[in-house]
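Enquirer: First the structure, which I've put down as structure tokens, then a few questions once you've had a look.
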Amino acid sequence: MSEQKLALNEYLKTDSDYLRGTIKEGLDSSVTGSFSDGDQQLIKFHGFYQQDDRDLRNERKEQKLEPLYSFMLRARVPGGVCTPKQWLGVDEIASTLTSSNSIRLTTRQTFQYHGIPKRNLKTIIQGLDREALDSIAACGDVNRNVMCNPNPVESKLHAQAYEVAKKLSDHLLPHTRAYAEIWLDEEKLLTTEDETVEPVYGKTYLPRKFKMAVAVPPDNDVDVYTNDLGFIAVAENGELVGFNLTAGGGMGSTHGEVETFPRLADDFGFIKTEDVMKFAEAVMTVQRDWGNRTNRKRSRLKYTIVDHGYEKFKAEVEARAGVKFEPKRDVVIGDRGDRYGWVEGVDGKWHLTLFIESGRIKDVPGKSLQTGMREIAKIHKGDFRMTSNQNMIIAGVAPEDKATIEGLARKHGLLGQVLTQTRGHSIACVALPTCPLAMAEAERYFPEFIDHIDALQAKNGISDQAIVVRMTGCPNGCARPFAAEIGLVGKAPGRYNLYLGANFEGTRLNKMYRENIQEAEILAELDALFARYAVERNAGETFGNFTVRTGVVKAVIDAAKDFHG
């Protein structure tokens, strides 16, 4: 049998001189606001994507103008923690160098800028560098931003888990100096040993993106089972002793292609804290060597485990780590939401969690969110923690400073909004007009959609029940819709696939209930189901579990076999 041809991206990576390509030349060109096709793939490793305003695409085409190109830049902020000083720098960049004039908190605990003209990219990256921030490996076929539960109650355990997340992020960064040379004007160093440039990744990096999270039970706001690699903290007497390791999660799929599917990670066993780096590197290098490099739609770790088998994969990871898994420890995985309002930590400091709808921090009529965050940053003595639910925690507030912080938050609309249980558990991706993959609206439409859900819950007397609702403009799954009790995935403008049946804790996927339907049909279906749920539910039964128990949808047990079936 002839050898299969590699995916185009593999050749691009091989020939890129460790992610340099012709990015520098493209950056210097004023002929177009775009990069070349090849460099558009390489710039992802540097932390940004090329986009254009799709609302204006046809108009500009009629005017014989190229699309209004801009860039989305995503920062690397392991664990989502930054200082007030850093935030002021982040805010200044958003206000002066982007057309969106906003900061977008992401579902992976970092922030994005939208609407960056090519000419401003270098200035922005240098501005982030001055604040000890960067965007390297925030995108691309590498380990992405490492998530970690903010967990403001168990501060000591959070601090230990956060240190692990930071070490994972730093240890698994690409070693190439391309980022420093192109964006920070550092000199290129001569090298003769190809593979020593990237001791973990090698010349072709990973077959596909790689996502990692550290969870601190009982919280699961990081949706640990949706990640390629997860570490679930195990504590004894309040001290971190190790982790249950999970591997093989991932949300992305392609409409109509049954060989692609979302998947939740498998449990592999317990590892000691001192062995975390060994196992992380072992899992990544197995994926590097075994992952599919011919078909990018089947290149994630989840498919590697499915194709090679759990036991074979586990044995290879143990062999490379030089350590065997112990039986997994018992831990309780619970709520995926954030604790809104004030929460006192074990150290006597207070933490204020702010609900940021769809993560968009921007001044709009009636809500000066960006100004409010800026004013808080000017006086705050603790830190800021971005959550994977697109929210913000003002962390480490002394008791005597609470009133001032709360006053600013209320003045600028960061506090005081009516927040239902379901809205507090809802997230959406950006989608239109900037995301090139979006087939339907998400962020711009989602607040209105949640208004409808809230009204239906109130009508049926179930407003006290939190339901995890998520919406994306395409099946790539950035807002993790396939792990939502109600998931909406864009199929075409104004049309979505409706998924039901994931559980509240995030340990079971949902399943398609209705395909390619519009708002009126979606709401009619949910109204009928809410009416049944109100009278037929068992005590304490969540909506997702109800839809499975009553046969509305079948439980997804093995995604490779039954997600589409």
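Our numbering is plain: 1 for the first residue shown, then up by one each step along the chain.
Just so it is clear, glycine is given a Cβ too, placed from its N, Cα and C backbone atoms.
Dumping what Swiss-Prot says about this protein:
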- C429, C435, C474, C478: [4Fe-4S] cluster binding site (BINDING)
- C478: siroheme binding site (BINDING)
Enquirer: For the [4Fe-4S] cluster site (C429, C435, C474, C478), what does the 8 A shell look like? I mean other same-chain residues with CB within 8 A of the CB centroid.
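Expert: Those within range, site residues removed, are V430, A431, L437, A438, A442, T472, G473, N476, G477, A479.
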Enquirer: Under 8 Å between C-beta atoms and at least six apart in sequence, can you list the same-chain neighbours of C478 ([4Fe-4S] cluster binding site), or say none if there are none?
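Expert: Spatial neighbours, sequence-distant, of C478 ([4Fe-4S] cluster binding site): T107, M251, C429, V430, T472.
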Enquirer: What residue among the binding-site residues C429, C435, C474 has the most other CB atoms lying within 10 A of its CB?
Expert: C429
